[in-house]
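Just below is one structure, and these are the notes that go with it.
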Amino acid sequence: MEEEQRSLLLSSASQFPLSDGFKPSYGTAGFRAEASVLRPTVYRVGILAALRALKTQSVIGLMITASHNQVSDNGVKVADPSGGMLAQDWEPFADVLANAPTPDHLVRLITEFVEAETIELGGEKKKVEVLVGRDTRPSGLSLLEAAKLGIRSIIGAVAIDVGILTTPQLHWMVRASNRSTQASEFDYLEQLSRSFRCLMDLILGGAESNEGDDKLAVDGANGVGGEKLLVLKEMLNLKGLEIEVRNSGREGGVLNEGVGADFVQKEKVVPSGFGSQDVGMRCASLDGDADRLVYFTVPSKNSSKIELVDGDKILSLFAVFIKEQLSILNKVADGNAGNDYQCRIGVVQTAYANGASTDYLKQLGLEVVLTPTGVKYLHEKASIYDIGIYFEANGHGTILFSEPFLLWLEAKNDELSSVAQGPEQRKATLRLLAVSKLINQAVGDALSAILLVEAILRHMGWSIHKWSELYHDLPSKQLKVKVVDRTAVVTANAETEVVKPPGIQEAINAEIAKYSKGRCFIRPSGTEDVIRVYAEASTQDEADSLASSVATLVDKFLGLGSS
């Protein structure tokens, strides 16, 4: 490392001494903690992002957000050139960098890492850019300055402040930048609105309403998503669909407090700003940074409970629609197969997906695979298909289209536009192309997903009630058990089976066998010494009982008194 670079790092690092007792760890959500302790971490992630940009010679993203966490928290994560999450093999370096105790130690780590990764420092190549975004948290501005200083501490890296954005907007902008297409926030909003209008023009029931219900009420979690949805709503300027945004943050509500997708999905109660006036209406809820989406209805005036339509149901709706379009493409006028491209479609879930949803998708004839918990695993698995659909029950997910399949669709559209036959085939082709542009293929995106849900419901002629009736969730229960050492549990088969300690999986199997439609698995938490227990059965009492009995087993094998 040249002396100029070394001096720059030592000088900037000295401004960010580590917070006592705080040992950050980079997970699926990056680093996340109480905002007051995060400045040194965000500064170091700025360095990380700059090094990643130099390594890849691409635009990298840095997002300052704590998503669905309380407003006093904040966090930071890196978006890779694809718009996806930071490459997993860089996560260990992120951890050691964030925990380096002194500026000298920090510089030594960076020196060793750039040599191992053959990263050229010194700025001799063209300058690389890191796009820096943040959500609406008050702490964001201070953390933004720390991130910029970290980025600028690496010679040849430039910090581009792209302002207040949803997390998916930043990921989209990084992806678009590296594909040499227009990549501003306006371009994102324009692409969504244009693709949505195109899809609405192509749907079968375009002139019909969803059983007379054209209104959608959206809970914006008092976060950035509510603000951006208001802007998007103006750009859509659609007749026949009225979007009412509540909890936009303009009314003075507190971010994620009694509102938002995480609150609605976990608590299954009416969020603030909703109530008896909304009985039977189609409602949706975003989380704090707008990468999660769930739908719900208020069933009665006298209850605070909701009927939840979660990520599993959103996935099922998307799968039904896409399967229908592919079926149309497979037909021609004389009834013979007309598809010369064997599209491989896959649905990706985790073990937390309700068993009823998995059964429903398999009954549709779809290939369903499980991955370990975490969006990075779901996204990676979905990318192996021509069309890969993934969603977690919490409402985070998207659809991925392979480049070869999109090229084939474009060619198919050109072919069909020149012949009189196959108008429905051409419409199906155009619908799939519109979906590929409407959905955010970089990451789960509540704004793009909400528009796709609305278009498909209109196409199917379904109310939210009919959608919700696709299948009925099996009753489930989640518990957690404090243990001495969570790493004592080692799992396999997408976290559905315990490999270590010996004997516990056999004991769990014996408990499962006692219950109708019983299913149960355990997995270690990624952040604390607890083991999470998930159970399903044919009744709520049985699910509760199964979860309780397995929690007792975990305590016996691994609990605080087990030693």
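Each residue, glycine too, has its Cβ placed from N, Cα and C.
Note: TrEMBL annotation is automatic and uncurated.
Pulled from TrEMBL:
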DOMAIN    56-89  domain 'Alpha-D-phosphohexomutase alpha/beta/alpha'
BINDING   Ser67, Asp287, Asp289, Asp291  Mg(2+) binding site
ACT_SITE  Ser67  active site, phosphoserine intermediate
DOMAIN    121-178  domain 'Alpha-D-phosphohexomutase alpha/beta/alpha'
DOMAIN    213-294  domain 'Phosphoacetylglucosamine mutase AMG1'
DOMAIN    310-462  domain 'Phosphoacetylglucosamine mutase AMG1'
BINDING   Glu392, Ala393, Asn394, Arg523, Pro524, Ser525, Gly526, Thr527, Arg532  substrate binding site
DOMAIN    491-552  domain 'Alpha-D-phosphohexomutase C-terminal'
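Here the domain 'Alpha-D-phosphohexomutase alpha/beta/alpha' (56-89) has Cβ contacts under 8 Å with residues 26, 28-35, 38, 41-42, 45-46, 48-50, 125, 128-135, 137-140, 143-144, 147, 151, 165, 167, 170-178, 221, 254-257, 260-263, 287-289, 291-292, 375-376, 379, 441-443 of the same chain, all six or more residues outside its ends. DSSP places the residues of the domain 'Alpha-D-phosphohexomutase alpha/beta/alpha' (121-178) in helix, strand and coil in these numbers: 25 helix, 15 strand, 18 coil.
Long-range neighbours of Gly526 (substrate binding site) (same chain, six or more residues apart, CB within less than 8 Å of its CB): Gly27, Thr28.
For the domain 'Phosphoacetylglucosamine mutase AMG1' (213-294), the partner stretch with the most Cβ pairs below 8 Å, chosen from 121-178, 310-462, 491-552, is 310-462. Helix, strand and coil residue tallies for the domain 'Phosphoacetylglucosamine mutase AMG1' (213-294), in that order: 23 helix, 19 strand, 40 coil [DSSP].
Relative to Arg532 (substrate binding site), the binding-site residues Ser67, Asp287, Asp289, Asp291 all have Cα atoms farther than 10 Å away. Rounded to the nearest whole angstrom, the C-alpha distance between Pro524 (substrate binding site) and Ser67 (Mg(2+) binding site) is 22. Taking all protein chains in view, 32 other C-beta atoms sit within 10 angstroms of the C-beta of Asp291 (Mg(2+) binding site).
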